[in-house]
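S.K.: As annotated in TrEMBL:
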type	residues	note
BINDING	R51, G52, A53, R95, Q201, N252, K253	substrate binding site
SITE	C162	site 'Transition state stabilizer'
ACT_SITE	D242	active site, proton donor
Amino acid sequence: MSKYPLIVRAVEWVDGKVRWINTNLLPYEELYEESQDHERIARAIESMEIRGAPAIGVAAALAIAATALKFSNINSVDELKDIISKAIERLRRTRPTAFNLFWALNRISNVLSRNYSSVEALRKAIVDEALSIYHEDIETNIKIGEIGEKLIDDGDTILTHCNAGALATAAFGTALGVIRAAWYNGKKIKVIATETRPVLQGARLTVWELKKEGIPVTLVTDNMVGYIMYKGLVNKVIVGADRILLDGFVINKIGTYSIAIIAKRHGVPFYVAAPTSTIDPVSSINDIVIEERNANEVRYIMNKMLITMPDVDVLNPAFDVTPPELVTSIITEKGIIEPPFRENIMKILSL
Ligand SMILES: CSC[C@@H](O)[C@@H](O)C(=O)COP(=O)(O)O
């Protein structure tokens with residue numbers, strides 16, 4: 001049992017089904033969706049009902065467990081392995097950038113590659129692994145919070161981007177987990193949240209989470225960051241990550257790179273909080289696929305209000321890359337990683 005309240009569970013396992021909060025719709029805590037169907041869950045990931053790297057990984061693992069239970073009258077191990085392999089392949093194609101998705105599905109694939117004496121034994125092994133991924137996510141986030149909060153001082157004003165909170169994980173959050181742990185350990189902090197165009201995760205989700213717990217939060221538009229740092233209104237930045245490379249490149253929500261440059265210019269520490277499951281130990285920067293999302297996310301506000309000419313050309317990369325020289329340190333559940341990143345990340349991953 002955590003000493004911190006878990007205000008909301010973005011993704012959970014209820015009676016053999018995956019239950020999630022549709023983060024596209026308010027009020028978030030009342031609009032649960034539920035399914036045992038991996039195709040429905042894949043679409044929920046694509047449409048960002050479920051979003052945030054750790055939450056996507058957990059949802060994909062639980063989707064596979066639900067699939068294993070759904071096909072209850074399978075007679076052979078090979079038949080169930082075949083169904084599960086196809087579901088894994090479908091889920092792999094949902095979003096290309098967040099590493100936790102591939103990490104979680106690889107863990108399930110490893111379970112699949114072993115030998116089983118019965119369908120039941122295979123089914124149990126899949127469900128056990130998925131549930132471990134789910135529970136580990138919550139424990140990991142709390143550890144990140146407790147380790148990271150030591151970097152926070154009473155009176156800090158912390159800028160965060162996008163939503164690396166409870167709604168981006170199974171519960172608690174990564175960057176917001178650090179903020180939460182500092183708050184519950186009595187530090188009087190304030191948060192500045194960027195709205196995070198075009199999908200507005202900062203305005204919609206981060207503000208909602210922090211206000212729910214009474215943590216002081218001020219909303220700014222993305223283009224105000226230079227001004228507020230110039231005015232000395234921020235003394236730390238903490239963001240999450242969708243993928244971290246061994247060299248310390250951080251792939252995170254579009255806009256993160258600009259914030260890191262501005263922070264460097266003004267001597268503001270730039271921290272990244274993420275589980276080690278976000279660290280991609282094999283890819284190099286040229287291998288990374290930055291997801292390009294639908295142009296209408298930019299042309300319209302939340303699919304509703306058209307704010308430009310309907311046929312204008314649009315760029316809509318969902319993520320950008322922050323180079324290691326702009327990163328002060330990376331907060332993980334195994335400790336704080338400082339430069340030189342390659343050496344220290346390899347140490348922490350025991351590579
Ligand atoms: C904790 S996930 C990393 C976040 O900092 C952020 O980039 C994010 O929320 C992921 O983006 P999203 O496109 O909403 O799935």
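Positions of Cβ are set from backbone N, Cα and C atoms, glycine also.
Curation plays no part in TrEMBL annotations; they are all automatic predictions.
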S.K.: Find the shortest Cα-Cα separation between the residue listed as 'active site, proton donor' and the recorded positions R51, A53, C162, Q201, K253, and name the residue that gives it.
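M.R.: Sorting the recorded positions by distance from the residue listed as 'active site, proton donor', the top entry is A53.
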S.K.: 10 Å Cβ neighbour count around N252 (substrate binding site)?
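M.R.: So the Cβ neighbour count for N252 (substrate binding site) comes to 28.
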S.K.: For D242 (active site, proton donor), name the DSSP secondary structure in the helix/strand/coil scheme.
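M.R.: Reduced to three states, the DSSP call for D242 (active site, proton donor) is coil.
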S.K.: Among the binding-site residues R51, A53, N252, whose Cα is within 10 A of the Cα of C162 (site 'Transition state stabilizer')?
M.R.: N252
S.K.: Report the residues of the chain - excluding R51, G52, A53, R95, Q201, N252, K253 - with C-beta within 8 Å of the mean position of the site's C-beta atoms, for the recorded substrate site, in sequence order.
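M.R.: Leaving out the recorded residues gives I56, A98, C162, N163, A164, A168, G240, D242, A318, F319.
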S.K.: Sorted by position, what residues of the same chain at least six away from A53 (substrate binding site) have a C-beta under 8 A from it?
M.R.: A98, F99, N100, L101, A168, G240, A241, D242, R243, A274, T278
S.K.: Just name the most isolated of the binding-site residues R51, R95, K253, going by other Cβ atoms within 10 Å of its Cβ.
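M.R.: Ranked by other Cβ atoms within 10 Å, the binding-site residues R51, R95, K253 bottom out at R95.
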S.K.: Can you list which of the recorded positions R95, Q201, D242 have their Cβ under 6 Å from some atom of ligand 1?
M.R.: Q201, D242
S.K.: Could you tally the C-beta atoms, other than its own, that fall within 10 angstroms of the C-beta of Q201 (substrate binding site)?
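M.R.: Excluding its own Cβ, Q201 (substrate binding site) sees 26 Cβ atoms within 10 Å.
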S.K.: Translate the DSSP assignment of R95 (substrate binding site) into the three-state scheme.
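M.R.: Its secondary structure by DSSP: coil.
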S.K.: Which residues of the same chain, at least 6 positions away in sequence, have a Cβ lying under 8 Å from the Cβ of G52 (substrate binding site)?
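M.R.: Spatial neighbours, sequence-distant, of G52 (substrate binding site): A10, A98, N163, A164, G165, L167, A168, T169, G240.
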